[in-house]
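Peer 1: According to TrEMBL, the protein carries these features:
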- 12-29: transmembrane segment (TRANSMEM)
- 36-54: transmembrane segment (TRANSMEM)
- 66-86: transmembrane segment (TRANSMEM)
- 98-114: transmembrane segment (TRANSMEM)
- 120-138: transmembrane segment (TRANSMEM)
- 145-168: transmembrane segment (TRANSMEM)
- 188-207: transmembrane segment (TRANSMEM)
- 250-384: domain 'GGDEF' (DOMAIN)
Amino acid sequence: MQNFDFKTASAIYVVSNFCIASLLAVAFADSRVRGTRLWIAGLFTLIFSTPFFALRDVIPPDVAIVLGNGLFALAWVLFQASFDAFYGNRRPPWQRGLPIFLAMVLAAGLLDAVKVRSLSLTTLYMLQSLAIAGTIVVRRREFRLRVIAILASGYVLAALSFMVRGLAVFFDPLANPDPFAPSMSQDIAMVLSVPSLIACSFGFVLLHRERVENEVRQLADIDPLTGLQNRRGFEAAFAKELREAADAGSWTSLALVDIDHFKTVNDRYGHALGDEALRTLARIVSRELRGGDLVARIGGDEFCVLLSRTPPLRAGVVAERLRRAVASNDWTSLGLTQRLTVTIGLSSHKGSEADDGEDFMRLADMALLTAKGMARDMVLHADQLTGRTAEARP
C-alpha cells in the first residue's frame with residue numbers, strides 16, 4: 001500500500017482550509033459575533049505556514065523550519081484568542097506570545113536535532129490544541145452538549161495527530177529521519193487531521209449559531225428596562241414549573257407585586273425617574289429572592305414572582321420580607337420625596353395533573369385587587385378570601 005506523499009497531502013490540506021476559511025469569511029463578513037475574525041485569521045495563518053514545510057527543498061531549510069513553525073504556532077494562538085474573545089476570557093499578552101516564541105526558539109535551536117525538535121514542537125502544538133479544547137469544555141453548561149462535543153473533539157483529534165507525528169519521528173530507527181517522509185504514521189496523522197478540520201469548522205459555526213439563537217431568545221423573553229423576564233418568558237417558565245410541581249406533587253406559590261400609586265410618581269417626577277424606580281425595585285426583588293425563584297415584569301408597574309416548592313405559609317414569609325425591603329429602601333436617593341410601597345397578592349397550589357395556570361394567576365390577581373382596595377402596602381393570600389377577613393400588615 002502506497003503512503004501519502006506529503007506535498008500532495010499538503011496541497012489538499014491547503015485547498016480545503018482555504019475553501020473553508022473563504023466561505024466562513026464571507027458568511028461572517030457582517031457579523032459582530034466576538035472572535036469570528038480571529039478564528040478565520042487562524043485558518044489563513046495555518047494555510048500560509050504549510051508551504052514552508054512542504055517546500056523545504058526550495059526554501060532554505062533553516063528559514064523554512066523557523067518561519068513555518070512560528071506561523072503554525074501563531075495559528076493556534078489565534079484560535080485560542082478567538083474563543084477567549086467569544087467567551088470574554090482575559091489573558092496577559094505574554095501568554096499569547098509565549099507559544100510563538102517557544103516554537104521559533106525550539107526550531108532554530110534544534111535544527112540539527114531532528115528527533116528532539118520534532119517531539120518538542122509537536123508536544124507544544126498538542127498542548128495548544130488541548131488548551132483550546134479545555135477552554136471550550138469549561139463553558140459547556142452554556143451551550144448544547146452536542147455542540148461542545150463536536151468542537152472539543154476536533155481539537156482533541158488535532159492533538160492526537162500531533163502526538164502520532166512526534167512519536168513516530170522520535171522512535172524512528174534513523175538518526176536524523178525526515179519528519180515528513182511517507183510512512184504509516186504520517187498517513188494516520190493526515191487521516192486524523194481530516195475529521196479534526198471538519199469538526200472544528202462545523203462546531204465553530206454551530207457554536208456561533210447557538211449564541212445568536214440565545215441572544216434572539218433573550219430579546220424575546222427579557223424586559224429591556226429591568227433585565228428581568230417579561231410576560232412571554234415568565235409564561236414559559238411558569239408552565240415548566242407547573243409540570244415539575246405536578247410530577248413531584250410539590251407546592252408552588254405565585255406573588256403578584258404592584259407598586260402603590262405609581263402613576264403619581266410618573267406624573268409628578270417624570271417617566272425617566274419612574275423608570276429608575278422600576279429598575280431599583282427589580283434589584284430589590286431579585287436580591288430578596290432565593291436561588292430557585294423567578295421574578296418577571298409582566299406589566300407597567302406589576303411584577304410577578306414564582307416561588308418554587310413553597311407552601312402558603314412560607315410564601316407569606318417571603319412576600320412579607322419583600323414588602324418590608326421595598327418600604328425600607330431609601331427612595332429619596334432617587335429624588336423622590338416619599339417612599340414607595342408595594343401591595344402583594346399571593347396564591348399557592350400543590351402540584352397535580354389538573355393544574356390550571358390561568359386559575360392560579362387569577363387567584364393571585366384577586367388577592368392583589370382585594371388588598372389594594374383594603375389598605376395597600378400589605379400582603380394578602382388568596383386563601384384568606386374564602387370567608388375570612390384579610391388582615392393588613394402596615
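Residue positions begin at 1 at the first shown residue.
The backbone N, Cα and C atoms fix where each Cβ goes, and this holds for glycine too.
Unlike curated entries, TrEMBL annotations are predicted automatically.
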Peer 1: Average pLDDT across the domain 'GGDEF' (250-384)?
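Peer 2: Mean pLDDT for the domain 'GGDEF' (250-384): 89.
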Peer 1: Near the transmembrane segment (145-168), which residues from the same chain, at least 6 beyond its ends, have a CB less than 8 A from one of its CBs?
Peer 2: 118-119, 121-123, 125-127, 129-130, 132-133, 136-137, 139, 179, 183, 185-186, 188-190, 192-193, 195-204, 206-207, 210
Peer 1: Assess whether the transmembrane segment (120-138) lies in contact with the transmembrane segment (66-86), where contact requires at least three Cβ pairs under 8 Å among residues 6 or more apart in sequence.
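Peer 2: Checked: the transmembrane segment (120-138) vs the transmembrane segment (66-86), in contact.
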Peer 1: Six or more residues out from either end of the transmembrane segment (98-114), which same-chain residues have a Cβ under 8 Å from its Cβ atoms?
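Peer 2: Apart from its flanks, the transmembrane segment (98-114) reaches 61-62, 65-66, 68-70, 72-74, 76-77, 120-121, 124, 128, 169, 176-177, 179.
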